[in-house]
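A quick write-up on the structure given underneath.
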């Protein structure tokens, strides 16, 4: 009696991936595997199907059948399908990724909806805009000491905080749906409550020069501010009183322009007017950084190539670097060799010093005037201007996590992926740009209006269209409704709406027109 043959493989009764372009087709992003596949439920194989009306029984859980292999490579074969699942680009993993087509159509039809003219006699220029997290309030930071609040849906004025500060209001940051903070050139930070706007919650003193931006760690409820005094200060809002909050100086660097926290608060990025970008990895805000108390990972120039090789710029910076130096002004070889080894993760609050590559500025210095982070923490967005103020660029740099670091062939944690030249108007003023809430688009001040930019013409996610070499950002739409230079723009976190503010005090709102 011969032994029984091998049993046939089990057949799953769950959804089956088939090829073709039916009505139920679920397309993935342009960079992932499994392109052009649709999920169709397989009919039940049992002959004893239940009779009579009623909903069919739910299909049993089971694994997806990958499509048949179509040859090597990351194409639409077995390996491409597996790669798409690992990267989260498969329709079975995230079917919502197809929504970018609808978002492209919405923002492609966007038009100026309303303009609110603020008299420059009392308010001055608009320096910053900020929506509340629930999108119900739009706050406006004005040149002449005032903060204005609007209903972004009806465009109606809600409240004017007269003499909110004693000098220009530079930045506004919401801590939650009711509390927000403002900072000013009067060196102070003020906390406000939307439920009681007649008085401040408290005023924070600690900076010695203009305070330029505010960040907030929602996990620890620590407020982080930076100013032109070069200081980054931590404020403990858990112990806030009418007299202020306990605070400590966290970091100091020369020529500080902007400071941002990544969405998960694991990194702090600091831009400088001398063209340096500082990154504090594995951030611990509870530990103050004194001179020489933190390891320096690298000090080198980023490049647009995916294969970064060592060059003269990978040598340690000397006196010209914005970071703290030891007494000799140079990093010792022992320090550099120790700091270059990043296997197993970098130590807490380790510092990385980069000189981001800016197109056309290789032989000239540049100033990083604006700094923003991708909502998912994938990239950073910079607005750079030349030292002579004759060129401006918007650049996107991808974070390269887990990049191998070797002394022979160093690789920085940032890589230039996209860039575009901006209109060179309004010299001397900082233009604040921003990502959309889903990170697919960028709104950038452009002359007397704004430009909506995408990583490609279809508003794909960054991970779906990463180029091997740096490429241009694609213009989705241009909107011009101001009579002066636009200084700031902001996406609504909850509605398909954009706000912009200009030098003459006008605030414009944009939304789709059907």
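Keep in mind that glycine also has a Cβ here, set from the backbone N, Cα and C atoms.
Worth saying up front: this structure is predicted, and the values here are computed from it rather than measured.
Residues or ranges marked as region 'Disordered' in TrEMBL: 1-76, 301-361. For 19-36, the entry in TrEMBL reads compositional bias 'Gly residues'. For 52-75, the entry in TrEMBL reads compositional bias 'Pro residues'. According to TrEMBL, the repeat 'WD' annotation covers 162-195, 204-236. Annotated compositional bias 'Low complexity' per TrEMBL: 302-318, in sequence order. What TrEMBL records for 337-349 is compositional bias 'Polar residues'.
Packing against the repeat 'WD' (162-195) from elsewhere in the chain are residues 124, 127-134, 136-137, 139, 141-147, 149, 201-205, 207-216, 221, 223, 225, 227, 229, 235, 237, 240: each is 6 or more residues past its ends and has a CB under 8 Å from a CB in it. DSSP states for the repeat 'WD' (204-236), grouped as helix (H, G, I), strand (E, B) and coil, give 0 helix, 21 strand, 12 coil. Sequence-remote contacts of a segment are chain residues at least 6 beyond its ends whose Cβ falls under 8 Å from one of its Cβ atoms, and for the repeat 'WD' (204-236) they are 167, 170-173, 175, 181-185, 187-191, 244-261, 265, 268, 270, 285-286, 288. For the repeat 'WD' (162-195), the DSSP counts in helix, strand and coil order read 0 helix, 18 strand, 16 coil.
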